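Engineer: Take this structure, written in structure tokens, and hold onto it; I'll ask about it next.
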Amino acid sequence: MAAMGALLKFGALLLAAVAACVAWEDGDVWDYDGHKLKDSDFLALWPLPQKVQSSAVSFQLSASRFQFTHAEGSSAGSDCSILQNAFRRYFDYIFGFTKKDRDQRRRNAAGSEVLELQVAITSPDAECDGFPSLTSDESYELSVDQPSAVLKAPKVWGALRGLETFSQLVYEDAYDVIAMTNVLNFSVFPDFPRFAHRGVLLDSSRHYLPLKVILANLEAMAMNKYNVFHWHISDDQSFPYVSRMFPDLSQKGSYHPYTHVYTPADVKMVIEFARMRGIRVIAEFDTPGHTQSWGFGQKDLLTPCYTGSSPSGTYGPVNPILNTTYDFMAGFFKEISTVFPDAYVHLGGDEVDFSCWKSNPDIQKFMDQQGFGKDYSKLESFYIQRLLDIVSSTDKGYMVWQEVFDNGVKLKMDTLIHVWKGNEAQYQAEMARVTGAGYRTLLSTPWYLNRISYGQDWRDAYKADPCNFTGTDAQKKLVIGGEACLWGEYVDASNLTPRLWPRASAVAERLWSDQGVRDISDAYVRLVQHRCRMVERGIPAEPLFTGYCRHEYSGV
Amino acid sequence: MSSRCNLRFLIPGLALLLGGVPSVLAVWPQPQQIRNSAERYSLSARAFLFKHADVSAVRSGCDVLDQAFTRYFTLIFPESGGGGTGDTGAADPFTVEVNVAEGPCDGYPAEGSIENYKLTVSPGQAVLTSVTVWGALRGLESLSQLVEQDDYGAYYINKTEIEDFPRFQFRGLLLDTSRHYLPLQAILKTLDAMAYSKLNVFHWHIVDDPSFPYQSRKYPDLSKKGAYHPFTHIYTQTDVRRVIEHARLRGIRVLAEFDSPGHTQSWGNGQPSLLTPCYRGDVPSGTYGPVNPILDSTYVFMANLLKEVTSVFPDSYIHLGGDEVDFSCWKSNPDIKAFMKKMGFGSDFTKLESFYIPRYVVEVWKWGCYLCEDTVLEIWKGLPEEYQKELSRITKAGHRVLLSAPWYINHISYGQDWRNSYTVQPQNFSGTEEQKKLVIGGEVCMWGEYVDATNLSPRLWPRACAAAERLWSDEVQTSSVDQAFPRLTDFRCRLLRRGIQAEPLYVGHCKNEYQGI
């Protein structure tokens, strides 16, 4: 039978299966070479929890009887909106295709049914009204038994991760049209993330991304236990962020001042939607390069470039020699510090082109005065240094791209250095240098998912590991995680979601699961199912290879 | 649109200049002859009318045109909410008069259908003349692309004259519904976008090794046991008819491919003993190879199936595949070996393959079928030097030929790979003028290993548009890929506006971005 790939096909097999949660008719799963894979007795959990135990027992769930409840003694109750919203969301995911109560038709012979999932927040402060942070506790324990399953977590953030795992344990024992029961396996495990910073970068400047697309991707991120949305919100091409203090920035610098902007209400919605899913929103306002679009709405911010002795009419990076520049930045980042609640702001600092600075006589004069000679990286550092002081004064920490570190800018020790350049050897050396200097770091180089190629390139993303570099244990501990980046040159609402998913899922597992989780053929089979799960939940995640999902994407 | 905005950031101030330039050149694919002026006429949905010319051989009641009028009215005035072909009540409507020289309009587009048209836009009216309704469809498409909206949302069209015809008669697009099942909606949408790009052949690679979604009347077990799912992942006869009709109304042929003797693993589930049992040593290994060419039952089955297929698919061509036959299973089978010996084939299994193909074609022929009197070969392999050699060789032998090799756009890479598709020169091979004429066109292929409903559209569009222009337009006029870039950027925004999930070529924006996720 050529039915390969995705889903479970079994009827009676289900109840007899030993330790099997997923049975494959004839073991029909194909690997990337078109070979069938066999004996897939595993759960299609993604990312794989730190520890899974599954037993031979499976239970039923019924849409009409099943409930999420707050456990007695939990520090979160019905006033915890994060959990209340999550209960509704996961109920939909679990029973999405079986809302009509068809479950009465067949009962498990043993009659074992899970009637509720009790959620217990075990620490005194559940953080229901807080924002997730770099130090948030995302650990949880889940045990499934009848009639009650129990999810324990110190904080709501862990409960969210546990709910996702719980929803992934549930599957439809379809193909048996009569009994469309949901069945669940008995499992216990303490789970927690390997890295604290697990991010996805979206670029809303090269192409404007409608709010709907950003929200859908936050949904998908939660399904993959991502916890940071790195919002590369502005760049050369457009400035869609509507600033209260400097409205001209988007009025004149966006693709369109009304249809291609993010209003304060939009930004608030993104942040709250993310918070509900335990996702931080880290805004990036990249300077002094990548700022062409800022120039339209902020006079004198950019350096005028010269041809010979006269201005050429074009502009370069932010002009670092004017006091007005720093006044502007102080006002702007003060606003940003109140709009974005996260403790970190990403300040960019990458790819500064010096040619315009070099052409400008005022800049040259300034260089002489400061004794910088011809070393324009010193001028860049001069700017960054002042910017960092400005941002520090708003009580924010900062992330910067690796160039800022490479150029020797004096950085506070809590600065996060974002590594993005080079080949494998080069980024590994950079990770060693950055951590050797005592800074915390995160990796993106192997996870530039905007770069596509034919075939299963998720495998390369999966194999990369942020801790693969030469360094001491203390250095390794300074690696806080990584980010999958989807730069926007060739991506907009039309193709973003299938390009990102399930390729970003590969990165998600690398960042969540134990370092030892590296079996790529096991990953393949789980990921095939996980991508179908995303498709069923309305995310157009593209296929890994030939095959099918029981419920194909219907949003065409 | 997007290109203007890019430029705006490079050279502030230029935006104004460019904003004033009418984008009347944004007809894609580029017509053979187009003359336009800055003179423009405003259009309004409330005073716009399609009508048949008094002398036209085709009148109301011609569903191809009637439905095209409705469709293009909505495409021209997307904010009108659709419906209607214009209001005759207005005092002085802008009138599009369509004059078709020959009927009928209840037929199917076919090989050799004439798609030429002439379009003249002048004050108060546009006149579209064509030989056939298919040509009229192409003209309506061009007309709809001439209509622009200014910054205040007002519609206008520039004074224009177009004389147009396709460079190649066969401009195809292949979808693969076996490696992944494509929901009907995805196929219909693709047909819409094909019409926007003037592609005229939908090559439906409907079955293959992984699944058999075609629900046969005669052999229902083929899809019942060979589809991914017997109810949700199949094409019923109604579905197939709907695809064919949707295509016909857009002047698109549907060319079904039933590939054999290889690529048939999924057939075996529903048709016992069709496939060759493979052997390990002296015993059957339990796996199966290509179609078993030594059994009479094979030919009876193939004849019946193809008889059905030729009655279901009205096009006079059926694509018979015949690619990538793996001989190892045949080699392992003792019965096959005995047959080879009997036939004196030695150990040359290509002879066995050659024995199979004509035999079942002849079987089909007996039923008075429509199968190709002369075979068209499709070139799908190789690098430019290789396929150019192949073109030269095949045309020298007098065969007509289709080119696909450079247009396997399921192969993706980072950046603007449409440029490679665009710069293909299908007739650039060593050969006589006569040989070059044997190149009847080409085909964009979207094989399905990595493609399903989630990513099909953005992977196809606008990348397939590059080949569409190469196959329709004059090669000299469209030799510059850089000149094509702003036009295609513009056309891509138009596709988005029409609900086609077309991906961006590069940074920039469209006035109306894609509204889904």
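Note: Cβ is positioned from N, Cα and C throughout, glycine not excepted.
TrEMBL feature annotations, pasted as is:
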type     : residues          : note
SIGNAL   : A:1-23            : signal peptide
DOMAIN   : A:45-169          : domain 'Beta-hexosaminidase eukaryotic type N-terminal'
DISULFID : A:Cys80-A:Cys128  : disulfide bond
DOMAIN   : A:195-514         : domain 'Glycoside hydrolase family 20 catalytic'
DISULFID : A:Cys305-A:Cys356 : disulfide bond
ACT_SITE : A:Glu351          : active site, proton donor
DISULFID : A:Cys532-A:Cys549 : disulfide bond
Engineer: May I ask which of the recorded positions A:Cys128, A:Cys305, A:Glu351, A:Cys356 is closest to A:Cys532 (disulfide bond) if we compare their C-alpha atoms?
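Structural biologist: It is A:Cys128, whose Cα lies nearest.
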Engineer: So which of the disulfide-bonded residues is most packed in, judged by how many other Cβ atoms lie within 10 Å of its Cβ, out of A:Cys128, A:Cys305, A:Cys549?
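Structural biologist: The residue with the most neighbouring Cβ atoms within 10 Å is A:Cys549.
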Engineer: Can you see whether DSSP assigns A:Cys305 (disulfide bond) to helix, strand or coil?
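Structural biologist: SS state of A:Cys305 (disulfide bond) = strand.
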Engineer: Can you tell me the three-state DSSP label for A:Cys532 (disulfide bond)?
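Structural biologist: SS state of A:Cys532 (disulfide bond) = helix.
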Engineer: If you draw a 10 Å sphere around the Cβ of A:Cys80 (disulfide bond), how many other Cβ atoms fall inside it, taking every protein chain shown into account?
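Structural biologist: A 10 Å sphere around the Cβ of A:Cys80 (disulfide bond) contains 22 other Cβ atoms.
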Engineer: Cα of A:Cys356 (disulfide bond) to Cα of A:Cys128 (disulfide bond): how many Å, rounded?
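Structural biologist: Given the Cα positions, A:Cys356 (disulfide bond) is 49 Å from A:Cys128 (disulfide bond).
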Engineer: Distance between the residue listed as 'active site, proton donor' and A:Cys549 (disulfide bond) at the Cα atoms, whole Å?
Structural biologist: 43
Engineer: For the domain 'Beta-hexosaminidase eukaryotic type N-terminal' (A:45-169), what's the model's average pLDDT?
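Structural biologist: In the predicted model, the domain 'Beta-hexosaminidase eukaryotic type N-terminal' (A:45-169) has a mean pLDDT of 86.
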Engineer: Would you mind ranking the recorded positions A:Glu351, A:Cys356, A:Cys532 by how many other Cβ atoms sit within 10 Å of each Cβ and giving me the lowest?
Structural biologist: A:Glu351
Engineer: Give the residue counts of the domain 'Beta-hexosaminidase eukaryotic type N-terminal' (A:45-169) per reduced DSSP state, in the order helix, strand, coil.
Structural biologist: 32 helix, 29 strand, 64 coil
Engineer: According to DSSP, does A:Cys549 (disulfide bond) fall in a helix, a strand, or coil?
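Structural biologist: In the DSSP reduction, A:Cys549 (disulfide bond) maps to coil.
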Engineer: How big is the gap, in Å, between the Cα of A:Cys80 (disulfide bond) and that of A:Cys305 (disulfide bond), rounded to a whole number?
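Structural biologist: About 55 Å separates the two Cα atoms.
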Engineer: Determine, to the nearest whole angstrom, how far the Cα atom of A:Cys128 (disulfide bond) is from the Cα atom of A:Cys549 (disulfide bond).
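Structural biologist: That separation, Cα to Cα, works out to 36 Å.
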Engineer: Calculate the distance in Å between the alpha carbons (Cα) of A:Cys305 (disulfide bond) and A:Cys549 (disulfide bond), and round it to a whole number.
Structural biologist: 55
